[in-house]
Each structure stands twice: as structure tokens, then as C-alpha cells.
Amino acid sequence: MTETRNGADIGVYGLGTMGAALALNFAESGFSVAVCNREADWVAPFIESAGPLADRLTGAETLEAFVDAITRPRNILFMIPSGAPIDAMIDAITPLLDDGDTLIDGGNADFNDTRRRSAAMEGTGIHFVGMGVSGGAEGARHGPSMMVGGSDHSWQHLRPMVEAIAARFEGDPCVAHLGPDGAGHFVKTVHNGIEYADMQLIAEVYGYQRDVLGLPAPQIGAQFAQWQDGPLASYLVEVTAAVLAKTDAATGLPTVEVIFDQAGQKGTGRWTVIEALKLGQSASAIEAAVGARGWSSEKDTRVMAEPLLPSGRQDAAVVSAEDLEMALLAGRIIAHAQGFRLLWAASAEFGWALDMARICEIWRAGCIIRSALLGDFVAAFRAELPADHLILAPSLRGRLDEAIPALRRVLGAGVAQGAPMPALSASLAWYDTMRTARGTANLIQAQRDFFGAHGFRRTDKAGNFHGDWDRDDTPA
Ligand SMILES: NC(=O)C1=CN([C@@H]2O[C@H](COP(=O)(O)OP(=O)(O)OC[C@H]3O[C@@H](n4cnc5c(N)ncnc54)[C@H](OP(=O)(O)O)[C@@H]3O)[C@@H](O)[C@H]2O)C=CC1
Ligand SMILES: O=C(CO)[C@H](O)[C@H](O)COP(=O)(O)O
């Protein structure tokens, strides 16, 4: 491996929202950065717009010039769409690289692709890192949270730079090497799944206040702002309060009311659910959130159905703001517990030894799901955690003790009034299932054996049994 010292410390390819912000963050942290973009016309205006940081940026209009501009062994970060674009870029750049160089995919990639790409690079002398980046444009520019998957070699090279640009929580940089190959992208995917669930839970509490209580957006926003002072304190609640307070200049209406009610999605929520099912898990609060985004896209059907389908609405007691706050807290705890359960299953399946406490730590600043609750999760994971289940941690059992009755009241009122609450309902159903020692799967097993001779285990003796379903053993 040849080392050169007169080039850029890192190369950033892809000057869209995230790549541009990360390049400036590296530059502001004292690193020299080579930048390149598919549409080469973007490069010069980007550097011009960088002001005093322009001195630390080297623009390249071709891939060859970009690679040449970086100190060896090179670190090259791609911030481009996942899937085919990143495969094509790897194919194009690899012949230009040297032994010891590292390619970093900082986009939201499917961890299966990251594992495949890492395996393909094995033995080539080129290293591949899958790095989840969270925090949106603002985080990327001033301090994101980053989840790194790759070899120890790559981590040693990358570490000083990513620690320098990361968000800090009480001085601790929000970046960690979480494991090999796809570990970083898997954790980022589940982070996004939890993000989906948290956003949906918040939207359900907003919907109850708007549609059942008839409150205007600014008043609901003020309620969310107030909750920022309590256990719900988080970036997403802060965002919600800010969004609900905003007025649309063109109409004078709350901005949120002129936004079409169809949610977009780019895939990470869906991947979380797919991977959960593949691992024999069900992250039902996340599933509900992904499903709700899908249902939101059926706008024409919903408009047509509203006058056709009876609501069957029933009278119900109005729930208090405190109950809504606690219901949201319960949903948030449960959505995280399901997400971490999935991380635990993946860690066992892929031999990653994920450090759950460290994951919570690097999510405490910079990322979209940063919240006060993560501090509780760190403590829970650092202590003895019964059955690896977050909801069984004594401190969280204490919080749920207060929050679950409120969740039942909110769901009771919402269900009676016809307010859709898929993620809150899914959260409570999972919680009730997990706290029920004797479930109903005995009946499922009997049904399976009846129609398919699948067998069952008995409660009174070991072995696999079949029912004699045709014989009448009813006591005379
Ligand atoms: N936006 C966000 O909040 C977050 C995004 N991400 C991830 O970061 C990555 C980049 O997202 P973002 O910056 O928002 O996206 P943008 O759409 O803002 O930018 C996309 C960038 O990728 C380039 N690009 C697009 N297609 C190709 C291709 N086929 N080959 C090479 N380059 C291509 C674009 O180049 P050109 O200018 O030529 O079109 C542009 O530089 C994605 O993987 C995204 O999932 C991760 C965390 C947060
Ligand atoms: O990764 C992110 C935040 O953490 C991106 O903002 C991502 O685009 C969010 O997902 P979606 O677009 O599906 O809502």
C-alpha cells in the first residue's frame, strides 16, 4: 500500500442534500475534501457557495481527477441513492483505486446489498464500509449520528474524521463501529423503522386532537411544545410543535392544513418490516406505521369511501392531555423495544455482537429519533436486562406502569370515536401479548394439527403429539 500526503483527506461523491452538507462539515472540521458529482456542472457553484471553506475543497469534474486528488490510502464517501446507482459507481471507481483504499456507502442502503458488496470486495485490497447517517441536512452539516459497519482496518482510518464531524452528546461523539459488513446499515434501517413508528404515533395523537377534540393546529402545536418539557422531549416532538405552529403565507391557514395527506416513503421502513419477518420477529408498531403510509396513498378511495362506510361511532369520555402524553410515551417505549428486539435477533443471526447500549448512546444527539428516553435505554442496557427485552427493565416497567392505563383510555376513546390509531393499537396488543403467560397459540397448534397433522407439544409430557381429532372422547 503506497501512502501519499499531499492530497485531500477524504473524497465525497454526490453533492445532493446530504453529500454537500457532509463535505462542508468535513471542511469545517479542518479536513481537506475532494468533491465530485454525477452532474459535473454542480461542482464549481458548490465550491463558490462554500465561502471561507472553499479553500479546503478541491473540485473534480471526472472520476479520475477525483481519485487523483485524494491522499492514499483513500477514504471515499458516496452520498447517492442506494441500489443500482451505488453498484454502478463501485464498478466505475474500483479500477482507479489502490490497495488499502476504502469506499464508504453513506446512503440508506439495504444491508443485504452491503453484505454482498463487502463480500465482493474481500481479497481485492479495497475495503468497503456501509455507514448509516442520520440527522437530515442539518445534522449532516453540523453533526450527524453515524452507524458504521466494516472492517477494523477501515474503522481505524475513518474514525478520526467521523468522530470530528459527528454530533456530540455531553462530549461523546455520536458515531460507533457497530460490526462488520452490513451491521451499520442494518442498525440505520431499524433506526428509520423506529422513526416511522414514532412519527405515526405522533400523527395519531395529533389526529385525535384534530378530529375528535376539534382543536386547531396551533393549539395542538402548543400542546406538543409543552410536552417537550417532559419525558417525551425529542427532536420529532420539537419538529411537530414547530410544524403545527407554522402559517401558510399564501392562504393564511396553518401550513399543515394545506399539505396533501399522502405520506411518501423511500424504503427503509418497509425493509425493517421485511427483515423482522425474515428473522421470525414482528415489529408490529413499525409495521403499522409502514402500513399507514401505504393506506395514506389511497386518497381517492378514502374520499369515495367516507360517505359510504358507516363509522358506528360511540360516545366516549374525552381523554385528558396528560393521558395523550402518557399514551404517546407508552407507544414510543414499545416501538423502541420492538426495534431493539429486532436488532438483537439480527445480531444473533449474523454474529455481529451489537452493543445495544452504545447504539442508544450514539442516537442521543444528531439523529432524527434523538430523545430523552434514550438515556433511560442506555441505563437499561448497561444494567441486567431480563430476557433482553427493554420493556422488562425495572426503570421502564416503572414508566409503563403509569403510561399503559393512559394508553388504554386513549385507545378506548379513539376506537369508540372512530379515530384510526393503528400504531398505538399495535403497541398495546404486543404489550398485552408479552405480559400474558398463557396465550392462545394452543388453539392455533390444535387447528394446525387438525387440518395438516403438524403436531404439537403437550403441557404434561415431553415429545411431539397428534390429536385423535376424529375420535369422540367426550365424557359420557
Ligand atoms: N435526505 C436525508 O434526510 C437523508 C438521506 N440519506 C441518504 O443519503 C443518500 C443521498 O440522499 P440525498 O442527499 O437526500 O439525495 P439528493 O437527491 O439530494 O442527492 C442525490 C445525489 O446522488 C446523485 N445521484 C443520483 N443518481 C445517481 C447515479 N445514478 N449515479 C451517481 N450519482 C447519482 C445526485 O447527482 P446529480 O446532482 O447528478 O443528480 C446527487 O448528488 C441517499 O441514499 C439517502 O437515502 C440518509 C440520511 C438522511
Ligand atoms: O434516513 C432518513 C432520516 O433518518 C431520511 O430522511 C429518509 O429519507 C427518511 O425515510 P422516508 O423518506 O422513507 O420517510
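In case you wondered, yes, glycine gets a Cβ from its N, Cα and C as well.
Just so it is clear, the model here is predicted, and its values are computed rather than measured.
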Legend entry - Identity of the substrate-site residue among His185, His454 (reference: Asn108, Ser134, Gly135, Gly136, His191, Asn192, Tyr196, Lys266, Arg293, Arg448, source: TrEMBL): His454
Legend entry - recorded positions close to ligand 1 - of Asn108, Gly135, His191, Glu195, only those whose C-beta is under 6 Å away: Asn108
Inset, instruction - Mind running the recorded positions Asn108, Gly135, Lys188, Tyr196, Arg293, His454 against ligand 2 and keeping the ones whose CB falls under 6 Å of it? - result: Asn108
Inset, instruction - Output, ordered by sequence, the same-chain residues six or more apart from Tyr196 (substrate binding site) with a CB under 8 Å from its CB, or 'none'. - result: Gln265, Thr268, Gly269, Thr272, Ile286, Ala289, Val290, Arg293
Inset, instruction - Could you tell me the mean pLDDT over the domain '6-phosphogluconate dehydrogenase C-terminal' (184-470), as a whole number? - result: 97
Inset, instruction - Using a 10 angstroms cut-off on Cβ to Cβ distances, just flag whichever of Lys188, His191, Arg293, His454 is the loneliest among these recorded positions. - result: His454
Inset, instruction - State the count of C-beta atoms found within 10 angstroms of the C-beta of Gly135 (substrate binding site), not counting that atom itself. - result: 24
Legend entry - Proximal but sequence-remote residues of the same chain as Glu195 (active site, proton donor) (Cβ under 8 Å, at least 6 apart): Leu236, Gly269, Ile368, Ile369
